[in-house]
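The structure appears right after this line, and notes come after that.
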Amino acid sequence: MLAFLSSTSRPSLRLSDFSNKHLCKTKRGSSLLVARGSFTPSTWERVVLGRRRFSGGSGSSLRVRATATAGVSLIKPKQTGDKFLDLCINTIRFLAVDAVEKANSGHPGAPMGQAPMAFTLWDKFLRFNPKNPDWVNRDRFVLSSGHGSMLLYALLYLYGYDRPTIEDIKQFRQLGSCTAGHPENFLLPGVEVTTGPLGSGVAQAVGLAMAEAHLAAMFNTPEEKLVDHYTYFIMGDGCAQEGVASEASSLAGHLRLGKLIGFYDDNKITIDGHTDLSFSEDVAARYEAYGWQVIKVSNGNEDLAAIEQAIKAAKNDITRPSLIVVSTLIGYGSPNKADTHDVHGAALGADEVRATRENLGWTYPPFEVPDEALKHFRRKIQEGARLEHEWTELFGRYKNKHPDQAALFERMVIRKEKSPGWEKALKDCAAKTGAMATRQVSGAMLNALASVMPEIIGGSADLAPSNNTLLKGFGDFSRHNYKAKNLRFGVREAAMTAITAGIKLHGTGLFPYCATFLIFTDYARGMLRLAALSEAGITFVTTHDSVGLGEDGPTHQPIEQLASLRAMPNLYMFRPCDANECAAGYALSIKHDDKVVLLALTRQKTNKLDTSSYDGALRGAYVVSDNSPSGAHPDVILIGTGSEVDVVMEAADQLRTNDGMKVRVVSMPCMELFEEQDAGYQESVFPSVVPRSRRVVCEAATSFGWSRYADHFVCIDRFGASGKGPDLMKFFGITPTNVVEKARGAVGKGL
């Protein structure tokens, strides 16, 4: 027999107390205890209980342990009770199990536990066209628990997307495969956003939902709802613990994004083990406090009807986002590893795969999909085509009634073409902008763009007046006005960045930007990296870009940020010196949908150079001043960025006047962009006859990274200090005098 022995006088639990769901109750209490898996004489010691404690009638806690005698095992999992539904769900499970096993790498447990909820959603509710993954009005699905990527790959294959194929699935996690270890949007149609860093998918899903709400407000009429779709996501315990998900969920509740529906896979396991090691909060209560509708499904392993009813309830309430808390068993069906961290991040192993097949009654060999199940899944191909056809007919009626709005929709949303007037607006703005802080120039540029680009939308992390990012006359995006264009992110830099990436990856032509102080990109860095990796070409506006910001002191003064951002792939770190270069920075972002452009802007005033160049800045670096005679080379090259271009220009004047030197001044707003230019252009800016030993860089930040261009630096390689901006520049030696001394030393050594 199997007996449960308590350490108190509470009643013991017996095998006869178990139902076919493996649930039992104390005789005097109401708490459920779930016995996970099937137990045999050789494995009883490995029994894992779904709840290590349960309450007796008085509410006290009982500790239990299991003992067994030969010949006794618990009955196999009931599953859904419907053979065909079990066939479909297990098809998803075993594609995941087999792919992870073949790769000997991955996370099989999450797909095994999440398969019932994912199947119910995709099969009964999700609107999509497998043969046109970019259909504008499709529902969006985000797997925030991206380690369970094989769940998504299995769904895409089974429901008829062209990729992944079964061969792609067999190449899971292999070099060159589209079925990467975590879902990547640029590798595989149907993957809406790249996930993996936990919580990031939740935040990007909020961005997708905000994009839907904004476009619906822009284009829909009472009769024609061109934009009318839901955003769904699945999150896990890790997502619930990461701050970025909390930040974004708080904002989503505040905005009442009613067409955002999340599933919380409440399996209480992370890599370390059971979550009670470090996590005991009531996630449902937290989301209720955020303003979400919270719906609970107590048996997400088997009760598909409850999952279906929960989704219906979520869709019926469009006044607030919904979180469906689904209690599941990680690694469902694995007799020895279910409900353990062993099934979280490693293959089951050959023996456990065989045992799981037997336990769930799966008789098919690896990667084989039953014809009956595949036929059922693939019906979505015809259904998706019908849904898109119905939408196309709706758009035809819309065009007849609202031709101007329809033309805008076609340009912006369908063709994703930018407004034809954007470049003229930037150049005109630059022409009439004089000496001022580049953050002020940026604010003027944004408003110039907003006047001609209805696709623009963005905001700041509670710093809009300081960042100069408010679009005048366009209102605040809120639960009362989704059509407005000023996004108020609050003090949530990480969520802001992920949300902005989500808006971009909505794929409907929006031009989103976000903003904060340069120093606070440290809060946003993980999501900024993810945006760059995802090829989500967002515009990231940062201000207060050096010690020149002044009295706020070293906590707010960026030193190493410029260098570290330059090290990030697929990101242009752009530090303009004046209006012409600032216009070029925005132009760079508009022209590159696949690259993040980060603008680093000053608090203090900079001059507008007569020789600065929009076109030159778009090549990353260019000559702004050179007194060398025709055919001659300079004695020294001075390199500056941002506000320090003024410093090196003044130093050059002194060297020419006092020392008779031939001096070239190079403005280098974007190192990465310059490195993309051809060798001939690079040579024209930095002739090899003027070696690094005769070049001086001046930037009010760390010298790290500049050694590829110069041997001499007027930089800051320590943390800042509190004081007035001009005083700090002098204190740290960011002065023309210091540049002059470095140049004299360089020429003396180099000639």
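Counting begins at 1 with the first residue displayed.
Quick reminder: no glycine exception, Cβ is built from N, Cα and C everywhere.
Heads up, TrEMBL stuff is auto-annotated, nobody curated it.
The active site, proton donor annotation in TrEMBL covers E493. Other C-beta atoms found within 10 angstroms of the C-beta of E493 (active site, proton donor) number 27, with every protein chain shown included.
The feature substrate binding site is assigned by TrEMBL to H107, H344, R439, S466, H544, D552, H556, R603. Cβ-based neighbour count (10 Å, all protein chains) for S466 (substrate binding site) stands at 16.
Sequence annotations record features per position, and here TrEMBL assigns thiamine diphosphate binding site to H147, G196, P197, L198, G238, N267, H344, F520. Around the Cβ of L198 (thiamine diphosphate binding site), 22 further Cβ atoms fall within 10 Å across all displayed protein chains.
Long-range Cβ proximity for I269 (Mg(2+) binding site), meaning a same-chain Cβ under 8 A and a gap of 6 or more residues, is found for G109, D237, T275, I330, D339, T340, H341, H344. Positions annotated as Mg(2+) binding site by TrEMBL: D237, N267, I269.
What TrEMBL lists as domain 'Transketolase-like pyrimidine-binding' is 436-608.
The site 'Important for catalytic activity' annotation in TrEMBL covers H107 (among others).
If you look up TrEMBL, you'll see H344 (among others) marked as site 'Important for catalytic activity'.
Cα of H544 (substrate binding site) to Cα of N267 (thiamine diphosphate binding site): a span of 44 Å. Using CA atoms as reference points, the binding-site residues G196, P197, N267 were checked against E493 (active site, proton donor), and the closest is P197.
The Cβ of H556 has fewer other Cβ atoms within 10 Å than any other of the binding-site residues H107, H344, R439, H556, R603. Of H107, R439, D552, H556, all annotated as binding-site residues, the residue with the shortest Cα distance to F520 (thiamine diphosphate binding site) is H556. Cβ neighbour count for P197 (thiamine diphosphate binding site) (all protein chains, 10 Å cutoff from its Cβ): 21. Around the Cβ of G196 (thiamine diphosphate binding site), 19 further Cβ atoms fall within 10 Å across all displayed protein chains.
Around D552 (substrate binding site), the same-chain residues six or more apart in sequence whose CB sits under 8 Å from its CB are H544, S722, listed in sequence order.
Fewest other C-beta atoms within 10 angstroms, among the binding-site residues H147, H544, are seen around H147.
Using a 10 Å Cβ-Cβ cutoff, F520 (thiamine diphosphate binding site) registers 21 neighbours.
With respect to R439 (substrate binding site), the closest of these binding-site residues in Cα terms is L198, chosen from L198, G238, N267.
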